[in-house]
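**Q** Reproduced below are the annotations present in TrEMBL:
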ACT_SITE  K43  active site, for sulfotransferase activity
BINDING   S137, K256, G257, R258, K259, Y260  3'-phosphoadenylyl sulfate binding site
DISULFID  C242-C251  disulfide bond
DOMAIN    34-276  domain 'Sulfotransferase'
Amino acid sequence: FPEERIPLWTNPCTDPRHQAILPPSINCTLKKLPDLLILGPQKTGSTALGSFLSLHPDVSQNSPVPGSFEEIQFFGGKNYLKGVEWYMSNFPNESTVIYEKSATYFDNPLAPKQAASLIPHAKLVVILQNPAQRAYSWFQHLLAHKDPIATSFGSLESILLNTTSSPESLKIRQRCISGGRYVHHLDKWLEHFSLQQIQFIDSDELKEQPVKVLATLTKWLDLPDYPYESHIRFSKSKGYFCRFIDEKTKCLGESKGRKYPEMDEELRMKLDKIFSLDNSSLYKFLKKNRLRIPKWLEDVVRVRA
């Protein structure tokens, strides 16, 4: 059975018996595991959020990992088999809050259990974006990176309508759809973490009012206030907010904030229909738990009502 061949790592520093046999390279007096995971999903602004959060002097993130777009992608990924010592080696130890951002975690079926086993007290961030827009952005991302399957179909609509797809095209369809099924994946995370450990962020608000979002997140993390308004500026040339450091605007790379053609109304309606039940479930989940409902969610639920 595949699950029996995959180990389940725990924190070796929480058990005196394990501490006694640890190699010298693991010093349990040094803090080397994250306090915060930014789960994604992909194409929701998680890189921008991490970039802005890192402005705070009491926050640090993992060291860049070659070949994985600055993400560790440990839980639920091939790097998990590299072990706890490898994972710990990617983190500094001088900050109050250490975070890791891997947007692949949110809809990975193995990630919740593996994360809870190693860092059960960590806080989690989930970014809520209109699933239709997220799916469209993800497909446009594949086109921009010249994915051969995405390029051969040319449009997301072609992928959605094709009933005789190859396994590769079905995988693309699944990746476009999966991340937007919020409650489906949240249920798995809530099997291992409490709701109080999760902060939900509206993707539209992050894009339009990042200073407000960061102030709320900073308070939730029990960190001192920070003047984000002095270090986050809107770039007219880029069309989005960037870091402002040493009197210079520093924006994310060319792959971030890329301009895509507007999604046509027919495709939007198809995607809204695909995500209809998932959006209703998310609306009910947030309302039941007295959590803020993003405007985009209110809009799509109202249209379907």
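Indices start at 1 and increase along the chain as displayed.
Positions of Cβ are set from backbone N, Cα and C atoms, glycine also.
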**Q** Tell me, if you would, which residue among K43, K259 (recorded positions) has the fewest other CB atoms within 10 Å in the structure shown?
**A** K259
**Q** Work out how many Å separate K259 (3'-phosphoadenylyl sulfate binding site) and K43 (active site, for sulfotransferase activity) at their Cα atoms, rounded off.
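**A** Rounded to the nearest whole number, the Cα-Cα distance is 13 Å.
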**Q** Using all protein chains in view, find how many other C-beta atoms are within 10 Å of the C-beta of C242 (disulfide bond).
**A** 23
**Q** Near Y260 (3'-phosphoadenylyl sulfate binding site), which residues of its chain come within a Cβ-Cβ distance under 8 Å, counting only those 6 or more away in sequence?
**A** Y136, S137, Q140
**Q** For the domain 'Sulfotransferase' (34-276), report the average pLDDT of the model, please.
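**A** The predicted confidence over the domain 'Sulfotransferase' (34-276), as a mean pLDDT, is 91.
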**Q** May I ask you to report the DSSP-based helix, strand or coil state of S137 (3'-phosphoadenylyl sulfate binding site)?
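**A** Reduced to three states, the DSSP call for S137 (3'-phosphoadenylyl sulfate binding site) is helix.
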**Q** State the count of C-beta atoms found within 10 angstroms of the C-beta of C251 (disulfide bond), not counting that atom itself.
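**A** The answer is 19.
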**Q** Including all protein chains displayed, how many Cβ atoms other than that of S137 (3'-phosphoadenylyl sulfate binding site) lie within 10 Å of its Cβ?
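**A** Counting Cβ neighbours of S137 (3'-phosphoadenylyl sulfate binding site) within 10 Å gives 20.
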**Q** Cα-Cα separation of C242 (disulfide bond) and the residue listed as 'active site, for sulfotransferase activity', in Å?
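**A** With the alpha carbons as reference points, the distance is 17 Å.
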